[in-house]
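A.B. asks: Input: one structure, supplied below.
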Amino acid sequence: MAGLNDATRGRLLFGGDYNPEQWTPEIWREDIRLMKEAGVNLATVGVFSWATLEPRPGARNFGWLDEVLDLLHDARIGVALATPTASPPPWLGARHPETLPQDENGATVWYGARNQFCASSPLYREYAQRITTDLARRYGHHPALRVWHINNEYGTHCWCDESARHFRRWLRERYQDLDALNDAWGTAFWSQRYDSWEELIPPRRAQYLNNPAQLLDFRRFTSDALLECFTAERDIVAAHSPSGIPVTTNFMPLFSGLDGWRWAAEEDVVSVDIYPDPAVGRENPAGPAHGALVADLTRSQARGPWMLMEQAASAVNFRGVNKPKGEGLMRLWSLQAVARGADSLCFFQWRASRQGSEKFHSAMLPHAGETSRAFRRIRDLGAELDRLAGVTGTGVSAEIAILHDWPAWWASNQPGRPSAELDYPAILAAWHHALWQQNLTADLAHPEADLSGYKMVVIPQLYLLSDAALDGLAAYVRGGGHIVCGFFTGVADPDDRIREGGTDARLRAVLGLATIEEWWPLAAGETVALDDGTTGSLWSEDLTPAGARAEVSYAAGELSGRPALTRHTYGEGTARYVSTLPEPAALRALLARAAEAAGAAPTLPGAPEGVEAVRRGGLLFLLNHTREPITVPLHVPHSDLLTGHPHAADVRLERYGVAVLSPTPTQGSRTCSTQGEHAR
Ligand code: GAL
């Protein structure tokens with residue numbers, strides 16, 4: 001199987017989406033000249049080219065693409081060639097409306113934008129696979145080809161009749177017999193029993209709350225239906241290419257629509273698009289924290305280096321107010337991705353469009369042209385990346401795992417729960433943020449993963465856990481592992497059936513809790529006082545310990561005097577439970593205490609606030625996320641790969657500055673280790 005090393009060939013990939021069909025052949029030549037000037041070595045071509053490649057059913061128009069790929073190759077620029085199947089041409093929807101998706105209300109989602117396809121439509125699949133086959137036959141052996149890029153940001157949903165038929169087939173395979181389905185869905189409730197497979201439909205708009213297990217299965221089904229589209233195209237392109245060409249599809253960041261663990265297992269290379277909001281700065285570091293979380297997740301999905309397939313050179317166009325990236329920010333966030341495992345830095349897009357819905361989205365080459373400051377920044381970054389060539393293929397050190405899973409997310413964010421304020425990705429982000437802020441590097445892990453290589457495992461909130469996951473967690477702690485477990489975890493089984501006793505008995509045994517009797521969610525903005533002087537928000541619970549020690553208790557309200565945060569020794573290990581969402585400083589302190597007890601150390605103890613420190617491939621990346629210069633004390637002398645300067649006792653980072661430090665004086669730019677560093 002091909003991997004990312006085949007694509008990078010020892011140099012970070014640098015480039016972006018390139019849409020030559022929007023431009024003339026004269027401009028293509030200018031593009032090539034400027035790409036070379038900027039150090040671009042990868043262009044993602046063809047993402048939305050279907051209507052140009054197949055202007056009418058069955059027609060083929062490849063001449064322009066032949067020329068573009070040859071031009072790129074002559075300039076020694078590699079190509080990530082995309083199958084164009086994310087955006088079918090209008091003729092497909094006009095002639096075959098059954099290929100268009102329908103929403104929960106049966107309303108058609110029309111052409112005129114993009115992504116208007118029903119993943120279950122046999123006709124959509126047939127046309128998509130035909131154009132994919134012809135593309136792969138023609139370019140599978142093109143010397144410029146480095147990566148196959150399938151579709152773009154899969155994530156559509158469809159509730160149409162064809163999807164209903166497909167859903168039924170999927171359900172038959174999952175349950176085999178209807179009694180098993182009725183049991184799993186709990187259809188004795190509200191007279192929902194199904195008497196024949198034909199009665200089953202996607203959870204369309206109904207009079208009141210849809211069946212939760214049906215909603216959950218529909219999420220699983222939708223992810224699987226899209227995955228079938230991906231694997232079919234993947235197999236076609238792989239069959240027509242040499243073995244060293246990896247296949248990927250670009251994920252949306254922390255996206256709920258696809259089961260990311262299942263999807264990543266089907267890819268040669270995992271890639272993602274990251275668009276943090278540059279409007280948030282030092283006071284609210286949600287931008288870089290988001291980037292760090294998505295990077296950590298993608299690295300964990302990839303089990304190693306990954307591709308940043310898209311980011312913005314400056315402003316996007318999809319927020320209410322779209323601020324550009326201030327001087328230094330594009331470089332800082334790019335190098336953050338490299339620090340956290342990326343082997344490619346690509347952008348949407350190379351040249352800013354003059355027409356269409358994204359004409360106000362920034363690009364590597366903006367409307368202002370090659371003399372702009374924005375293009376200068378791109379050129380500077382391209383030049384700098386040569387010095388980091390040695391990091392490709394190397395791993396990131398992480399001693400902590402954060403458990404994360406999609407079905408648990410899907411199930412806990414449904415209506416009819418104890419609180420509509422519960423927002424799974426926000427809770428995950430809050431916990432990750434608390435670790436990130438103190439440079440405790442973490443991987444994300446599937447709840448059933450082998451956790452034995454991690455010193456500490458944290459579970460921000462996993463409402464739904466399988467038996468295997470619960471057994472694995474118990475074994476991990478029994479064998480000496482340390483866990484910190486957040487509220488509303490282990491409540492349901494994979495059918496969304498509440499576990500006996502309200503929270504799984506195995507988990508309660510690990511946590512040393514007799515019962516978690518009632519959930520006491522808090523209203524938006526409401527807080528509850530805790531007896532250590534801090535507060536909790538979002539949630540609280542009525543716990544009764546059986547062996548666990550209350551470290552912090554509620555100090556007000558109905559639960560006053562009852563335990564809020566507990567600690568329990570189980571086997572050789574320790575299990576902490578957190579029944580509310582502690583205020584950020586308290587969550588940080590709690591995780592710091594737990595990490596210290598577990599022997600998991602921050603990357604650079606004593607690093608000043610605002611400085612991110614990550615180790616990758618034997619190098620220490622220091623990133624200043626503030627607008628002020630910061631001096632970072634070093635424990636041993638280092639030299640900076642980016643500047644070549646030695647640093648004996650400390651290093652000064654300018655506003656949004658970055659240092660990539662090697663503990664021994666560098667002889668050249670390619671001295672860092674190429675060994676993987678996974679804790680696993
Ligand atoms: C991505 C997409 C690109 C472009 C970009 C704009 O989600 O893949 O095609 O639309 O967003 O930020």
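Keep in mind that glycine also has a Cβ here, set from the backbone N, Cα and C atoms.
Automatic, uncurated: that is what TrEMBL annotation is.
Straight out of TrEMBL:
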ACT_SITE  E153  active site, proton donor
ACT_SITE  E310  active site, nucleophile
BINDING   R114, N152  substrate binding site
BINDING   C118, C158, C160  Zn(2+) binding site
DOMAIN    17-387  domain 'Glycoside hydrolase family 42 N-terminal'
DOMAIN    398-598  domain 'Beta-galactosidase trimerisation'
DOMAIN    610-662  domain 'Beta-galactosidase C-terminal'
A.B. asks: Between E310 (active site, nucleophile) and C118 (Zn(2+) binding site), what is the CA-CA distance rounded to a whole number of Å?
C.D. replies: 25
A.B. asks: Considering only the binding-site residues R114, C118, C160, which residue has the minimal Cα-Cα separation from E153 (active site, proton donor)?
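C.D. replies: Looking at Cα distances from E153 (active site, proton donor), the smallest one goes to R114.
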A.B. asks: Average the pLDDT scores across the domain 'Beta-galactosidase C-terminal' (610-662) and report the rounded value.
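C.D. replies: PLDDT averaged over the stretch: 95.
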A.B. asks: Would you mind pulling the DSSP three-state label for the residue listed as 'active site, nucleophile'?
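C.D. replies: The residue in question, the residue listed as 'active site, nucleophile', is strand (DSSP, three-state).
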A.B. asks: Just to be sure I understand the packing, how many Cβ atoms besides its own are within 10 Å of the Cβ of E153 (active site, proton donor)?
C.D. replies: 21
A.B. asks: With helix taken as DSSP H, G or I, strand as E or B and everything else coil, how many residues of the domain 'Beta-galactosidase C-terminal' (610-662) land in each class?
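C.D. replies: Final tally across the stretch: 0 helix, 30 strand, 23 coil.
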A.B. asks: Running a distance check here. Ligand 1 versus the recorded positions C118, N152, E153, C158: which have CB less than 6 Å from one of its atoms?
C.D. replies: N152, E153
A.B. asks: Tell me which of the binding-site residues C118, C158, C160 ends up closest to N152 (substrate binding site) in space, Cα to Cα.
C.D. replies: C118
A.B. asks: DSSP on R114 (substrate binding site), three-state: which is it?
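C.D. replies: In the DSSP reduction, R114 (substrate binding site) maps to coil.
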A.B. asks: State the count of C-beta atoms found within 10 angstroms of the C-beta of C158 (Zn(2+) binding site), not counting that atom itself.
C.D. replies: 26
A.B. asks: Just counting, how many other CB atoms are there within 10 A of the CB of C160 (Zn(2+) binding site)?
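C.D. replies: A 10 Å sphere around the Cβ of C160 (Zn(2+) binding site) contains 23 other Cβ atoms.
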A.B. asks: Can you name the residues of this chain that are 6 or more positions from C118 (Zn(2+) binding site) yet have a C-beta less than 8 Å from its C-beta?
C.D. replies: E98, T99, L100, P101, Q102, Y124, T156, C158, C160, E162, S163
